[in-house]
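*Asks:* Have a look at this one before I ask anything.
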Amino acid sequence: MLSNQLYDEQKVKDVAMLAGRILLESGAETYRVEDTMTRIAEFYGLHNTHSFVTPTAIIFSLNEKSSTRLYRVSDRTTDLEKISEVNEISRAITSGKVSLEAAKMALDILDKEDLQYKFWLKVLSSGIVSLLFLFMFDGSPSDAIPAFISGLAGYYICEQIGAYFKIRFFAEFAGSVVIALIAIACVQYFFSESIDKIIISGVMPLVPGVPITNAIRDMMAGQLIAGITKGVEAALTAFAIGAGVGVVFIIFGGSI
């Protein structure tokens, strides 16, 4: 009986940890990760659980006698579709609609799936977003094409550098450099009018809006360490974007 109980606890821990890891790697708030893991464990009668989640690690224990698990999370992205799918599986577990084995299988399949949009579509969308922000900032029609190109090119460079060079914040720095160079070139050699509006519109796809929102939500939920960590990460990302634009202006400022 004891061996079966321990086996069941290990299976519960497997499912809870897997669900938490997918959520954290997909950009979910830390309080959501802890709440999901706790609810899954409590449904199977394991009420004395302890979880501690930061943006880079998950620590989970079922009780004082059970071994504690630690999972390190190094790669994080924003995948709202996976977050939604994990939430659906979690609700199905707690409502008794699926067995533990079926939930584990569904989470394994979800973990291996790539639900991100195609890269070319994300690049194209970044250009469209920059174009829309230009008109929101009351930009002129002559700045429309430069804003579209700068947003598209900046996002492309940021993603490509981020994929090959694992240096935090350097990708955003390089992307903003490209955006500023395109804006200056279009104003000097073509018919564009406003450098500042082109640059502001172009960097909008790089702005860490989701991390800022998650940092605030974690702080409001009492997750101070996670909230501060995400807030600092978002601030450094914004600083890298501003630094890239600033470097270009320092180098080419005299010729503008």
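Just so you know, glycine gets a Cβ as well, placed from its N, Cα and C.
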*Asks:* If you look at how TrEMBL annotates this chain, which of 141-159, 198-216 comes out as transmembrane segment?
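*Replies:* Per TrEMBL, the stretch marked transmembrane segment is 198-216.
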*Asks:* Out of 119-137, 170-192, 198-216, which stretch touches the transmembrane segment (236-255) the most, going by CB pairs under 8 Å?
*Replies:* 170-192
